[in-house]
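Taken from TrEMBL as is:
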- 256-267: compositional bias 'Basic and acidic residues' (COMPBIAS)
- 285-297: compositional bias 'Low complexity' (COMPBIAS)
- 324-339: compositional bias 'Basic residues' (COMPBIAS)
- 36-246: domain 'Membrane insertase YidC/Oxa/ALB C-terminal' (DOMAIN)
- 252-339: region 'Disordered' (REGION)
- 34-56: transmembrane segment (TRANSMEM)
- 101-122: transmembrane segment (TRANSMEM)
- 163-182: transmembrane segment (TRANSMEM)
- 207-232: transmembrane segment (TRANSMEM)
Amino acid sequence: MTVGLLDPLYYAVSWIIVQFHKLFSLFFDPNGGWAWGLSIVCLVLVIRAALIPLFVKQIKSSRNMAILQPKIKEIQEKYKHDRERQSQELMKLYKETGTNPFASCLPILVQMPFFFALYAVLNNAAHGKAIGVLDAQMAHSAANARILGAPISASFLSADGQTAVQVLAVVMIILMSLSQFYTQRQLMTKNMTPEALNSPFMQQQKMLMYVFPVIFAVSGVYFPIGVLVYWLTSNAWTMVQQVIVIRRMPAPGSQAEKEMKARQEAKARRRAERAQAKAPVQTKAAEPASTPASTSGGTSGAAGGRSSTSGKAPAKPGGQRQQPTRKPRSKRSGRGPKR
């Protein structure tokens, strides 16, 4: 038995799909499109999560490339008549700064073998053939599973008049193309410095921004619905990931960095306004602590005023009660003392 170059990937991809299919079979029909479709979506999530370290490396490399653009332009101008020396100086600069100009391609290059492995798994499943850990029975189940009425193993070209397959394939291809275009446009309009945008490399990227959607449209008609689910989910992940990166870790000197600083300044102003608004409230909350003393003082003062007006001494709090003194008999009878 010969082992092909991609056989380990066939086993890896089919094993991941089968495990997730077992999980979703607890909630959905095992032969239905939800169980198989969500298994493919989860395959994307596993692969993209594993590629996060490469994506972080890609971000760092892109930031370094943006910072190095003035030096790169200087080297290109200095050695514009000596291509060999120019390449040597650029490689030297990249090595000194730890920058890889091709790091942005790493996530795509790493994903491609898994993409072709998934295509092979679904293609075999469409014909009821076992591949990897996917046996013939499960392959038959996957081949007949339907997403919105379209078999996941069918493609636009193999639809044979199945309107559901053609409509779903066209909608997914359009969404793939739009998500790819939006991601590239966000990167170029918000996360690039003016110097980087004017470089020859970015001029090529601008052209690819319009070429890639056309490539998706042309090649998408050949791929099964299951592969389009994988591709669309991967594009959605990339789009969301790119939005988060541009918002939180923009390239130095880019429009996104200016917007981030503006948000930080606005947030600092709002925080200062809230702190200033709370300050009088705290002062007023501290006033009642001294109010009882002043109130009691005012009350006793008022009582003192009333007692002085009435000529009566204020009552002594507590102590022994004083017995009233009796008037002399002469005073009681109204007669004075004899002279």
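Even glycines carry a Cβ here, placed using N, Cα and C.
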Q: Report, as numbers and ranges, which residues of the same chain sit near the compositional bias 'Basic and acidic residues' (256-267): CB under 8 Å and 6 or more residues beyond its ends.
A: 190-191, 246-248, 250
Q | Helix, strand and coil totals (DSSP H, G, I; E, B; other) for the compositional bias 'Basic and acidic residues' (256-267) | A | 12 helix, 0 strand, 0 coil
Q: Within the domain 'Membrane insertase YidC/Oxa/ALB C-terminal' (36-246) only, compute the mean pLDDT.
A: 82
**Q.** Chain residues in Cβ proximity to the transmembrane segment (163-182) (below 8 Å; excluding those fewer than six residues from its ends, i.e. six or more beyond)
**A.** 147-151, 154-156, 209-210, 212-214, 216-217, 220-221, 225, 228-229, 231-232, 235-236, 238-239
